[in-house]
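Everything on this sheet refers to the single structure shown next.
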Amino acid sequence: MSTVDDILEHIGEFHLFQKQTFFLLALLSGAFTPIYVGIVFLGFTPDHHCWSPGAAKLSQRCGWSQAEELNYTVPGLGPSDEASFLSQCMRYEVDWNQSTLDCVDPLSSLAADRNQLPLGPCEHGWVYNTPGSSIVTEFNLVCAHSWMLDLFQSVVNVGFFIGAMMIGYLADRFGRKFCLLVTILINAISGALMAISPNYAWMLVFRFLQGLVSKAGWLIGYILITEFVGLGYRRMVGICYQIAFTVGLLILAGVAYVIPNWRWLQFAVTLPNFCFLLYFWCIPESPRWLISQNKIVKAMKIIKHIAKKNGKSVPVSLQNLTPDEDAGKKLNPSFLDLVRTPQIRKHTLILMYNWFTSSVLYQGLIMHMGLAGDNIYLDFFYSALVEFPAAFIIILTIDRVGRRYPWAVSNMVAGAACLASVFIPDDLQWLKITIACLGRMGITMAYEMVCLVNAELYPTYIRNLGVLVCSSMCDIGGIITPFLVYRLTDIWMEFPLVVFAVVGLVAGALVLLLPETKGKALPETIEDAENMQRPRKKKEKRIYLQVKQADRPLS
């Protein structure tokens, strides 16, 4: 009997059909970036200070410039963190309507030292030094309410986590295409509703709904294109699918620069999702999934459609996809399948840890470097460019030395770079930046590798579930990373880097325990996945008897 990989060798492993499908799914990948990192622009926090009606009237009467108004009426102006808090969150508790106040240094008539004047929290709102708007400026998510911005980002990661578990199961149970279209529809509607949210609470609800479906949709797209192409092109489309995400980062920076209003920006980045609903007529169901569910007739119909699109025909000798008579009923994925057998259990635990590590180091290094500066658009753009060399290195090495060693080395390089940064003195700033970029490049490679290899280690009927469950650990990492960075820096500025170093080095060592997937067909059954490990001893070359008869391969 034939496998899908056998048939693709004859009808085209990456011909017209696969190229068109990849292009459509790459658009989906790029459109995910505003949800994953859009907080940089949607939640931008500009310089701000308390607004006082009395001080504003006095400024107008005296004809002060903006600099003079800030100097005369805002406490604690200075470079220190304490001074920044005072200037942004506190005000002088004085009556600005007093007739004794002069236009030149008005507070001098009340106290010889203005530091002796009583201070209080802002009562009438804030003045924001920005021409645009963000959720911070509209809902005043600053000072005592700054935690609400953290919650805004945390809730989308909670959505990522729940959605990965829920939709991953549904995609393996009811099909990739159905779940992909459902996630696109919900993402489009919730994104549009978020743009017109009347208050913070409703905005939070729609943000959660976006998180619930958006990441799962991105990963389903990854699984789909991986299952449509032949063995020789899996790694290429996997890497290019993630490069499309990086291209989305660059486009997002440009769109955010052109549209500085957060509501219109949210509309702009949501609109493509409505266009993606047309994929109902453009992208078929995965024939690999159909075969795993014993829907052989439908699978062969799609395979013939692919062959026709590629200008090929399916050889008669390869059209026998009928399972054995005793193959039993179609397989239903279960969470227990991810840990039931020894090798798959090992794969699951190592992959979960590496997803967690990639998220913590990727986001943590960005936070620790403090990339956001005077121009967030350029900073964001330049930081995205770092990801292209990482993808280029993977393309150069992955077919020459395999997946496992580049993946392990990239984790170790990231960890070693973090450790080296601890011992570099501050006066060698150029060296610290260079090492930091090296670490960012290493963890970017690791992030791309874990996504690529994850899909190659699971059998077809639990592949989508395995990818989404394991990748949910990066959502846990995304939730705790801000606390990890900011709490540990209170103890010692370099403390987070020490933690990152240990986590990264351990991740690299664990990768070496995984089997090499270079040049191997995607496992179709649990038996295939259990026997992926390189043979060592004769007694280890066995098929696990606990695998059910229904799990036999079709060929």
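Any Cβ shown, glycine's included, is placed from N, Cα and C.
The topological domain 'Cytoplasmic' annotation in Swiss-Prot covers 1-21 (among others) and is backed by sequence analysis.
Residues annotated as transmembrane segment in Swiss-Prot, with sequence analysis given as evidence: 22-42 (among others). Listed by sequence, the residues of this chain that lie at least six past the ends of the transmembrane segment (22-42) yet keep a Cβ under 8 A from its Cβ atoms are 134-135, 149, 152-153, 156, 184, 187, 191, 210-211, 214-215, 217-218, 221-222, 224-225, 228-229, 237, 240-242, 244-245, 247-249, 251-252, 256, 262, 265-266, 269, 272-273, 276, 279, 282-283, 372, 376, 380.
The annotation topological domain 'Extracellular' is assigned in Swiss-Prot to 43-150 (among others). For the topological domain 'Extracellular' (43-150), the DSSP-based tally of helix, strand and coil residues reads 46 helix, 13 strand, 49 coil.
Feature annotation from Swiss-Prot assigns N-linked glycosylation site to Asn71; the stated evidence is sequence analysis.
Residues annotated as transmembrane segment in Swiss-Prot, with sequence analysis given as evidence: 151-171 (among others). Within its own chain, the transmembrane segment (151-171) is flanked in space by residues 35, 39, 43, 135, 141, 178-180, 182-183, 203-204, 207-217, 219-220, 223, 333, 335, 464-465, 467-469, 471-472, 474-476, 478-479, 482, which lie at least six positions past its ends and keep a Cβ under 8 Å from the stretch.
With DSSP states grouped into helix (H, G, I), strand (E, B) and coil, the topological domain 'Cytoplasmic' (172-177) comes out at 5 helix, 0 strand, 1 coil. Annotation source Swiss-Prot lists topological domain 'Cytoplasmic' at 172-177 (among others), citing sequence analysis.
Annotation source Swiss-Prot lists transmembrane segment at 178-198 (among others). For the transmembrane segment (178-198), same-chain residues at least 6 beyond its ends with a Cβ under 8 Å from one of its own Cβ atoms are 28, 35, 163, 167, 170-171, 206-207, 209-210, 212-214, 216-217, 220-221, 224, 263-264, 266-267, 269-270, 273-274, 276-277, 279-280, 283, 285.
Taken from Swiss-Prot, the feature topological domain 'Extracellular' applies to 199-210 (among others). Summed and averaged per residue, pLDDT over the topological domain 'Extracellular' (199-210) gives 95.
Annotated transmembrane segment per Swiss-Prot: 211-231 (among others), in sequence order.
The topological domain 'Cytoplasmic' annotation in Swiss-Prot covers 232-238 (among others). Residue counts for the topological domain 'Cytoplasmic' (232-238) by DSSP state, with H, G and I taken as helix and E and B as strand, are 7 helix, 0 strand, 0 coil.
Under the heading transmembrane segment, Swiss-Prot lists 239-259 (among others).
Taken from Swiss-Prot, the feature topological domain 'Extracellular' covers 260-263 (among others), and the record attributes it to sequence analysis.
Here Swiss-Prot flags 264-284 (among others) as transmembrane segment.
Same-chain neighbours of the motif 'Proline-rich sequence' (284-288): 4, 175-178, 223-224, 227-228, 298-300, 302-303, 305-306, 460, 522, 524, counting only residues six or more beyond its ends whose CB sits under 8 Å from a CB of the stretch. Residues or ranges marked as motif 'Proline-rich sequence' in Swiss-Prot: 284-288.
Residues or ranges marked as topological domain 'Cytoplasmic' by Swiss-Prot: 285-348 (among others).
The transmembrane segment feature in Swiss-Prot is assigned to 349-369 (among others); the stated evidence is sequence analysis.
Counting Cβ pairs under 8 Å to the transmembrane segment (495-515), the stretch among 239-259, 376-396, 465-485 with the most such contacts is 465-485.
When each of the listed stretches 376-396, 405-425, 465-485 is scored by C-beta pairs under 8 angstroms to the transmembrane segment (211-231), 465-485 comes out highest. For the topological domain 'Cytoplasmic' (232-238), the residues of the chain that approach it from at least six positions outside its boundaries are 13-14, 18, 22, 222, 225-226, 395, 398-399, 403, 448, 451-452, 455-456, 522, judged by C-beta separation under 8 angstroms. Residue counts for the topological domain 'Extracellular' (199-210) under DSSP, helix first, then strand, then coil, are 11 helix, 0 strand, 1 coil.
All chains included, 12 other C-beta atoms sit within 10 angstroms of the C-beta of Asn71 (N-linked glycosylation site).
Same-chain residues lying 6+ beyond the ends of the topological domain 'Extracellular' (260-263) with a Cβ under 8 Å from its Cβ atoms: 41-42, 130-135, 138, 195-196.
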